[in-house]
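Working notes, structure below.
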Ligand SMILES: Nc1ncnc2c1ncn2[C@@H]1O[C@H](COP(=O)(O)OP(=O)(O)O)[C@@H](O)[C@H]1O
Ligand SMILES: Cc1cn([C@H]2C[C@H](O)[C@@H](COP(=O)(O)O)O2)c(=O)[nH]c1=O
Ligand SMILES: [Zn+2]
């Protein structure tokens with residue numbers, strides 16, 4: 001808690017895929033645990049890559065998490081299930097509805113340290129709400145960079161690949177995946193297909 005005002009605060013960990021957001025979130029959680037603080041961790045129902053009730057990094061580290069409905073008012077459930085938590089962590093924030101912003105604000109006003117991790121950009125390179133709004137309302141923001149898979153420069157973008165080809169600009173925003181569908185790339189190496197041909201059909205789980 002901030003010593004003078006006795007409020008909590010919001011920390012956002014953002015950046016491209018593979019930039020180390022989840023590793024950094026897990027590092028902060030381990031340190032909170034060592035400090036003897038009570039921690040509650042949440043993840044969206046849409047992301048089941050690492051098993052239903054864990055958050056996991058691309059290098060295999062994991063932490064138990066409560067799965068929350070990411071759509072509509074679903075994120076408000078976090079307000080009911082964490083009454084005593086001193087630290088609330090939310091992974092994959094990019095999958096949550098805009099309701100997450102108010103949830104994080106309410107928790108911080110209650111005195112909770114809120115740590116949110118998520119992508120700031122879609123595969124198109126556009127803002128991936130609600131993370132940019134959380135960045136604006138947070139006290140602390142860390143933007144991490146991966147390594148560009150093409151040239152080795154710092155990577156801020158997410159290259160979506162469908163059967164090895166760059167995704168089309170009109171493809172659905174939501175596509176859960178990892179190395180099989182995405183690469184970290186820099187601005188210069190990021191490619192989007194445009195034009196008439198080749199919009200990929202939505203798959204089960206796509207939400208737009
Ligand atoms: N292009 C890349 N750049 C940096 N790290 C990468 C890359 N590809 C795979 N990795 C691995 O991913 C790890 C980060 O994983 P993770 O914390 O899950 O990232 P994020 O949550 O940002 O997607 C790195 O420590 C490294 O082992
Ligand atoms: C760019 C982009 C990503 N996603 C999905 C792909 C993954 O399931 C997550 C990001 O996971 P990470 O822990 O940050 O590696 O988001 C998506 O649905 N749409 C996109 O445009
Ligand atoms: Zn590059």
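Just so you know, glycine gets a Cβ as well, placed from its N, Cα and C.
Note that TrEMBL annotation is computational and uncurated.
Now, the feature entries from TrEMBL:
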| type | residues | note |
| --- | --- | --- |
| ACT_SITE | 92 | active site, proton acceptor |
| BINDING | 15, 16, 17, 18, 19, 20, 21, 22, 91, 92, 93, 94 | ATP binding site |
| BINDING | 148, 151, 186, 189 | Zn(2+) binding site |
| BINDING | 174, 175, 176, 177, 182 | substrate binding site |
Entries of 151, 174, 175, 176, 186, 189 which, being binding-site residues, have CA atoms within 10 angstroms of residue 17 (ATP binding site): none
Of 17, 91, 175, binding-site residues neighbouring ligand 1, Cβ under 6 A: 17
Least Cβ-crowded entry, counting other Cβ within 10 Å, from the binding-site residues listed as 15, 177: 177
Which of 17, 148, 151, 176, the listed binding-site residues, has fewest other Cβ atoms within 10 Å: 151
Environment of 148, 151, 186, 189, the listed Zn(2+) site - residues of the same chain whose CB lies within 8 A of the CB centroid: 149, 150, 152, 153, 155, 185, 187, 188, 190
Among 148, 175, 177, 186, 189, the binding-site residues whose C-beta sits under 6 Å from ligand 2: 175, 177
Lowest local Cβ density (other Cβ within 10 Å) among binding-site residues: 93, 174: 174
Recorded positions close to ligand 3 - of 92, 174, 177, only those whose C-beta is under 6 Å away: none
DSSP-derived class (H/G/I helix, E/B strand, else coil) of residue 182 (substrate binding site): strand
Cα-nearest neighbour of residue 189 (Zn(2+) binding site) within the listed binding-site residues, 15, 91, 175, 176, 177: 15
Residue 21 (ATP binding site) CB neighbourhood, other CB atoms within 10 A: 28
Residues within 8 Å of the 174, 175, 176, 177, 182 Cβ centre (excluding the substrate site residues themselves): 160, 181
Secondary structure at residue 93 (ATP binding site), reduced by DSSP to three states: helix
